[in-house]
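Trainee: Shown below is the structure under consideration.
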Amino acid sequence: MSRAGDRGKALARWLGTGLLGLFLLPMSLSLEVSVGKATTIYAVNGTEILLPCTFSSCFGFENLRFWWTYNSTDIFKLLIDGTVKNEKSDPRVKLKGDDRITLEGSTKEKMNNISILLRSLEFSDTGKYTCHVKNPKENDLQHHATIFLQVVDKLEEVDNTVTLIILAVVGGVIGLLIFILLLKKFITFVLKKTREKKKECLVSSSGNDNTENGLPGSKAEEKPPTKV
């Protein structure tokens, strides 16, 4: 009885895990928000910067809401708030908390881009910028992604000397290997042709010797006997 009970419990756990996986699978394939591969971006004081944000949904969207927030050590504020009616319409801004911000994205042709442009940067703009998206078509499922902006006095030039040296060395090694392979093939080809010529020379020399000595199969055998 104990074994049967254990099997029943194991089967129940297995079924429970499977049902949970089936429930979570649509969630994992639904709304996604991305701000790109870089988690931190740098911009010079007084310039402008594009804060990227795109979203995707396997189930489509209707009356989708999006908004950007800014968060630093002591400040939290709403930067922009808007909606997208459907996949054939562009986003519409309902609220903007900073006049320096403009919406640069488009949601037509499946671009799903809700990026914003921040002009006249100041050092105080350094902080976390989060792009939020809520999709009513997915039971108001919400997702967000964050990017960190660092405003600097000037961008430091990256010294690529070491990288260039490594690339040069790797390229030289690859080039040398290719040269060795080509040289090997050339030498093999030359040796093959040399052996063929030697073989032809030996065959020709053997034929000439047979002709001069009158051996069977040679031209000397074909001459008629001399009449006395």
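Each position is counted from 1, following the chain as shown.
Keep in mind that glycine also has a Cβ here, set from the backbone N, Cα and C atoms.
Pulled the feature table from TrEMBL, pasting it below:
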- 1-30: signal peptide (SIGNAL)
- 26-148: domain 'Ig-like' (DOMAIN)
- 162-183: transmembrane segment (TRANSMEM)
- 198-228: region 'Disordered' (REGION)
- 203-213: compositional bias 'Polar residues' (COMPBIAS)
- 219-228: compositional bias 'Basic and acidic residues' (COMPBIAS)
Trainee: Would you kindly list the residues that approach the transmembrane segment (162-183) from elsewhere in its chain, counting only those six or more residues past its ends and only Cβ-Cβ distances under 8 Å?
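Mentor: Sequence-remote neighbours of the transmembrane segment (162-183) do not exist; the answer is none.
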Trainee: Can you count helix, strand and coil residues in the domain 'Ig-like' (26-148) using DSSP?
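Mentor: Final tally across the stretch: 12 helix, 60 strand, 51 coil.
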